[in-house]
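K.L.:
Sharing the feature lines straight out of Swiss-Prot:
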- 21-43: transmembrane segment (TRANSMEM)
- Glu44, Gly49: Ca(2+) binding site (BINDING)
- 63-85: transmembrane segment (TRANSMEM)
- His67, His383: Fe(II)-heme a binding site (BINDING)
- 106-128: transmembrane segment (TRANSMEM)
- 153-175: transmembrane segment (TRANSMEM)
- 188-210: transmembrane segment (TRANSMEM)
- 242-264: transmembrane segment (TRANSMEM)
- His246, His295, His296: Cu cation binding site (BINDING)
- Tyr250: O2 binding site (BINDING)
- 271-293: transmembrane segment (TRANSMEM)
- 308-330: transmembrane segment (TRANSMEM)
- 342-364: transmembrane segment (TRANSMEM)
- His373, Asp374: Mg(2+) binding site (BINDING)
- 379-401: transmembrane segment (TRANSMEM)
- His381: heme a3 binding site (BINDING)
- 414-436: transmembrane segment (TRANSMEM)
- 456-478: transmembrane segment (TRANSMEM)
Amino acid sequence: MSLKLNIQRWLFSTNAKDIAVLYFIFALFSAMIGTGLSAIIRLELANTGSPFLHGNTQAFNVVITAHAILMIFFFVMPALVGGFGNYLMPLMLGASDMAFARLNNISFWLLVPSLILILTSALVEAGAGTGWTVYFPLAGIQSHSGPAVDLAIFSLHLSGFSSLLGAINFITTFINMRTIGMKYENVPLFAWAVLFTAILLLLSLPVLAAGLTMGIFDRNFNTSFFEYAGGGDAVLYQHLFYWWNHPEVYILIIPGFGIISHAVSAIASKPVFGVQGMIYAMWSIGLLGFCVWSHHMFAVGLDSDTRAYFTSATMVIAVPTSIKIFSWLATLYGGTIRLNVTALFALGFIFLFTIGGLTGVVLANSALDIPFHDSYYVVAHFHYVLSMGAVFSIFCGWYLWSPKILGLHYNERLSHIHFWLMFIGVNVTFFPMHFLGLQGMPRRINDYPDAFIGWNQVASLGSIISIVASIVFIYVVYDQLTNGLHQGNKALDSQFKPSFMGTNLNVEGYTGPTLEWTVSTPPSLHAFNTPAVLY
């Protein structure tokens, strides 16, 4: 293919599948940088006395800020919503493409300058050491006088605008592009998950944009929205930020719920238990996500009755979440379970996400949250939900659908090695953090008393294991793309190809009840030029 055609295909692409591939590549690139930054954090905390950054606390704060923003905005969201959402949602609905194809293109390309801005913000002057929450007055002009915070805020603006355009696209596609005969109750769970994610993005992102814009004005135009001296209030920023932030954590995990539902159905060889209950549970989680934002703010001095309300409302979210957990377990019960790597990641997700949810119930209590606030207990909680929830669902989705997407099989044995290294690594990293938090170790501080050294060293060891697991995954994908046997010529190739690591033929072919399994492998660029008809 000529250079001109390549540029037309990949730079000016209006095809959802090509854009999804771009999202996957972008997410992998961002994840590699974000993982490198997490390695710096764990090297710094591997011992007392700031062994890696030599006491440069600002540099440490810049690293944790960049790590969080990269992992959330440039890894998990592009992979789950941009990658799997763009590729699978039109296929599951029987649509030829997304509703707004060119809007889809700009949604992706806005992320590239956004990533450049956030990386630049970490490199100019002293960097943006605000934490990813960008709290004022720490993010104000007195504390961060250079352009770093402005660059970080513009990065979040661009990323948010990209997500907003994508959300409009997904909602329109879901409502208008379903194929003939596909009623709402026939829509697969992953497509529902992407719809709810898009609705949450649409309702929450404008509020974040407002808060960040006020921050830009405070920094550069002498307003005082968050400045006490001028009659402003820094707590207002927290309300605006967390109004977006709490739905955001569900934006990160709800597409994962959709993927796990499909994976559990695949490995148990039976339909998901209680599909309508699953849909209502996701809707309830999304709706309740807007009613609990101040549980992040128990330590700022809320009234006791306000704290009582937010404690109760937060605990209510455990109900629809547990409906999902028990429905997955009920799906597995009595099924013919195939313990392939998709199954391992799905079961790992259910187990570890449940642990993260239980620590969330602990933190929902305002009386308990005040001592736990900003301690490593909170870090352990949200990493169990994200590092082992969202990220495990991404791996699970890759191992479930990549043979269909690429038409190439991955090496089953290597992928098992990836799972076990990852499972051990993340648990060894984050489980000790519960103990550190209970002992009172504060987060975002780059040194600590000698009493905390034991569990910190264990956590740093775990992070090394996780990094090795990530390298193994990159090799699995490389091996899949170079040695993965095409489904078309699979029968012709010798089943006993001599290879130390085994053959890529161990993968069991899976076909499911949803429309994406009915098209060719790999799917053509416009899989449904003629609408599929469901009876």
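Each residue, glycine too, has its Cβ placed from N, Cα and C.
What's the neighbourhood like for each of these?
P.N.:
Proximity of distant same-chain residues to the transmembrane segment (21-43), defined by a Cβ-Cβ separation under 8 Å and at least 6 residues beyond the stretch ends, is recorded for 10, 13, 51-53, 60, 63-64, 66-67, 70-71, 74-76, 78-79, 82-83, 86-87, 108, 111-112, 115, 119, 429, 459-460, 463-464, 466-467, 470, 474, 477.
Under a cutoff of 8 A between CB atoms, and with a sequence separation of 6+ in the same chain, the neighbours of Glu44 (Ca(2+) binding site) are Ser50, Pro51, Phe52, Leu53, Phe60, Val63, Asn446.
For the recorded site, His383 (Fe(II)-heme a binding site), the DSSP three-state label reads helix.
A Cβ distance under 8 Å defines the sequence-distant neighbours of the transmembrane segment (106-128), meaning residues of its chain 6+ beyond its ends; these are 19, 22-23, 26, 30, 33, 58-59, 61-63, 65-66, 69-70, 73-74, 78, 82, 134, 139, 144, 146-152, 154-156, 158-159, 161-163, 165-166, 169.
Only residues 6 or more beyond the boundaries of the transmembrane segment (153-175), in the same chain, are considered here, and those with a CB under 8 A from a CB of the stretch are 69, 73-74, 77, 81-82, 85, 89-90, 93, 95, 98-100, 103-104, 106-108, 110-111, 113-115, 117-118, 121, 134, 187, 191, 194-195, 197-199, 201-202, 205-206, 208-209, 212-213, 215-216.
Within its own chain, the transmembrane segment (242-264) is flanked in space by residues 72, 76-77, 80-81, 84-85, 133, 188-194, 196-197, 200-201, 203-205, 207-208, 211, 272, 278, 282, 285-286, 289-290, 292-297, 324, 328, 331-332, 342-343, 345-346, 349-350, 353, 382, 385-386, 389-390, 392-394, 396-397, 400, 512, 514, which lie at least six positions past its ends and keep a Cβ under 8 Å from the stretch.
Contacts of His295 (Cu cation binding site) defined by a Cβ separation under 8 A and a same-chain sequence distance of 6+ are given as His246, Phe310, Thr311, Ala313, Thr314, Leu363, Ala364, Ser366, Asp369, in order along the sequence.
All chains included, 23 other C-beta atoms sit within 10 angstroms of the C-beta of Tyr250 (O2 binding site).
Beyond the ends of the transmembrane segment (271-293), by six or more residues, the same chain brings 185, 189, 192-193, 196, 199-200, 203-204, 239, 242-243, 245-247, 249-250, 254, 257-258, 261, 264-265, 310, 313-314, 316-317, 319-321, 323-324, 327-328, 330-331, 513 to within a C-beta distance below 8 angstroms of the stretch.
Residues 257, 260-261, 264, 272-274, 277-278, 280-282, 284-285, 288-289, 291-292, 294-295, 298, 302, 346, 350, 353-354, 357, 360-361, 364-366 of the same chain, all 6+ positions outside the transmembrane segment (308-330), place their C-beta atoms under 8 angstroms from a C-beta of that stretch.
Cβ contacts within 10 Å of His373 (Mg(2+) binding site), excluding its own Cβ and spanning all protein chains shown: 18.
Non-local contacts of His381 (heme a3 binding site) by the CB criterion (under 8 A, 6+ apart in sequence, same chain) comprise Gly356, Thr359, Gly360, Val362, Leu363.
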K.L.:
With a cut-off of 8 Å between Cβ atoms, can you find at least three pairs linking the transmembrane segment (414-436) to the transmembrane segment (342-364)? Only pairs 6 or more residues apart in sequence count.
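P.N.:
The transmembrane segment (342-364) and the transmembrane segment (414-436): touching, yes.
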K.L.:
Quick check: which same-chain residues outside His246, His295, His296 lie with their CB within 8 A of the centre of the Cu cation site CB atoms?
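P.N.:
Leaving out the recorded residues gives Tyr242, Asn245, Val292, Trp293, Ser294, Met297, Phe310, Thr314.
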K.L.:
Going along the chain, which residues six or more apart from Asp374 (Mg(2+) binding site) have their CB under 8 A from its CB?
P.N.:
Ala299, Pro442, Arg443, Arg444
K.L.:
Taking only the Cα atoms, work out how far His383 (Fe(II)-heme a binding site) lies from Tyr250 (O2 binding site), in Å, as a whole number.
P.N.:
14
K.L.:
Could you measure between Tyr250 (O2 binding site) and His296 (Cu cation binding site) for me? Cα positions, answer in whole angstrom.
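P.N.:
With distance taken Cα to Cα, His296 (Cu cation binding site) is 15 Å from Tyr250 (O2 binding site).
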